[in-house]
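Engineer: First the structure, then my questions, so here it is.
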Amino acid sequence: MAEAKTHWLGASLSLILLIFLLATAEAASFQRNQLLQKEPDLRLENVQRFASPEMIRALEYIEKLRQQAHKEESSPDYNPYQGVSVPLQQKENSDLPESSRDSLSEDEWMKILLEALRQAENEPQSSLKENKPYTLNSEKNFPMDMPDDYETQQWPERKLEHMRFPPMYEENSRDNPFKRTNEIVEEQYTPQSLATLESVFQELGKLTGPNNQKRERVDEEQKLYTDDEDDIYKANNIAYEDVVGGEDWNPVEEKIESQTQEEVRDSKENIEKNEQINDEMKRSGQMGLQDEDLRKEGKDQLSEDVSKVIAYLKRLVNAVGSGKSQNGQNGERANRLFEKPLDSQSIYQLIELSRNLQIPPEDLIDMLKTGEKPNASVEPEQELEIPVDLDDISEVDLDHPDLFQNKMLSKNGYSKTPGRAVSEALPDGLSVEDILNLLGMENAANQKPPYFPNQYNREKILPRLPYGPGRAKANQLPKAVWMPDVENRQMAYDNLNDKDQELGEYLARMLVKYPEIMNSNQVKRVPSQGSSEDDLQEENQIEQAIKERLNQHSSQETDKLALVSKRLPVATPKSDDAPNRQYLDEDLLMKVLEYLNQEKAEKGREHIAKRAMENM
């Protein structure tokens, strides 16, 4: 029992001690952790004082290397297993059992530990380097507080003396540094090897002998030839220097050849330069040539048109001078027109009008002429003819006053008024009569009454096709195309009364005196015929008779007469409507100029486009 009690007491005491030790250890560790958290420098110092197990392994490996070095010094013979690389040795050391690791004595272990501790003191940051991963930035591996340079690491002298690092990149058979030197020293030429070398050299000499002799002969011949040439040239140079004064002597043939070559080169260079200059001139002059071509073409066209117009004018002047005009007014007006010299500007205007209006120059001049008639057999002119009854005039005729005038045919079959495609080409508010009035000419419709169905002998006249630059004047239409229409028109106006003629004449004279009833856009001037005193007396009598008749008529009939009078041509003296004509002429002139400018711009663009297409 006593033994059991003592056993329990001992166990209890041991438990108490154990609990006390654990409590003290925990308290100490708690205090230490608090200190380490507050002061990290102290933690580093404590860590650096104790060697890590990796450091101990490294020290063991170093000691083994040292022992191997001592063994190599004692036994210089070659060890084939000595050339194993460092990682293989580390593997072998790691594979060794613990019993072999513990084979070291206690004194050696103490020495190793002391050296490790000294090394840890000298290198305070070595443990941090081993524990932390390696980074590219070397500044982060070394703290800023470190006063010593990393190159001032002091290794033990004994360790530096005895450390032998095996080469990593050589073969295992050459790991021993003494091997090659020993082989070189031990190698010696034997008499057998010397004999073989001599025989090899002799055979090589036999093979290369004849070739060398041939080469030597060729070299000797060349040397002799060059020596002879040098002697000849030296003599020539000496003689030439005496004459010329020290200049190099060259044969005459070489000089001639060099001169000819230089001349050929100069001529080639000059030819190339001239070709380049010509190409540049052609390139620069292409645009100028195009402009010149355009100008020449325009001038040629103008000259052709001018020649045609002048030739036709000459023919007309000759016809006027030879023939006698039945109408005195028309002859006087024609003489006045052709007595004035035509300037170039008016001719160009006539040409532009003939192009833009698509009217031949002959018909355009007929419109400008006053009273010339192409044929001698001309029927006498008739007076103004008015229908018997005013109701017979249809609304179509009233709305289109120029209907009969447009249907008249010229001597060549062209209408003298813009009743065809000409009016479509002209802008609004313009007519051929307005353009001719601007030019200072009188229209043929103003000098001849528009209602003359039998003006010419139509049996002798044939119409002509519309004007075009590519059409021949010989293309003519048959008579049956237009003769029935003319006969119908002639029959329509055969049944006119004398009273209606007198009434029409009187209305025309009244409208001359009172022009305000007429529309300004439809004013058409007809020259008043020169009347004698007898005519004036007759007119006065007619006026009185018509006034009495007008008083008897109702207001409706007077309105109808006024409408008819608007459609009839009116004789307006130049002295009465001079201011109105001035304003009308100015407006019409602006319209004509705008129209001509537009036509010129369009034609110029078309011409340039055609030229560009041709050049392409």
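Cβ atoms are placed via backbone N, Cα and C, with glycine included.
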Engineer: From 373-407, 513-547, 548-582, which range did Swiss-Prot mark with region 'Disordered'?
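Structural biologist: Of the candidate stretches, Swiss-Prot labels 548-582 as region 'Disordered'.
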Engineer: Would you mind telling me which of 120-146, 174-200, 444-470 Swiss-Prot tags as region 'Disordered'?
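Structural biologist: Per Swiss-Prot, the stretch marked region 'Disordered' is 120-146.
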Engineer: Identify, in sequence order, the residues in the chain of SER267 (phosphoserine) that are 6 or more apart from it along the sequence and have a CB within less than 8 Å of its CB; answer 'none' if there are none.
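Structural biologist: Set apart from SER267 (phosphoserine) by at least 6 residues yet with Cβ under 8 Å, there are none.
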Engineer: So how many of the residues in the compositional bias 'Basic and acidic residues' (255-283) end up helix, strand or coil by DSSP?
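Structural biologist: Taking the compositional bias 'Basic and acidic residues' (255-283) as a whole: 29 helix, 0 strand, 0 coil.
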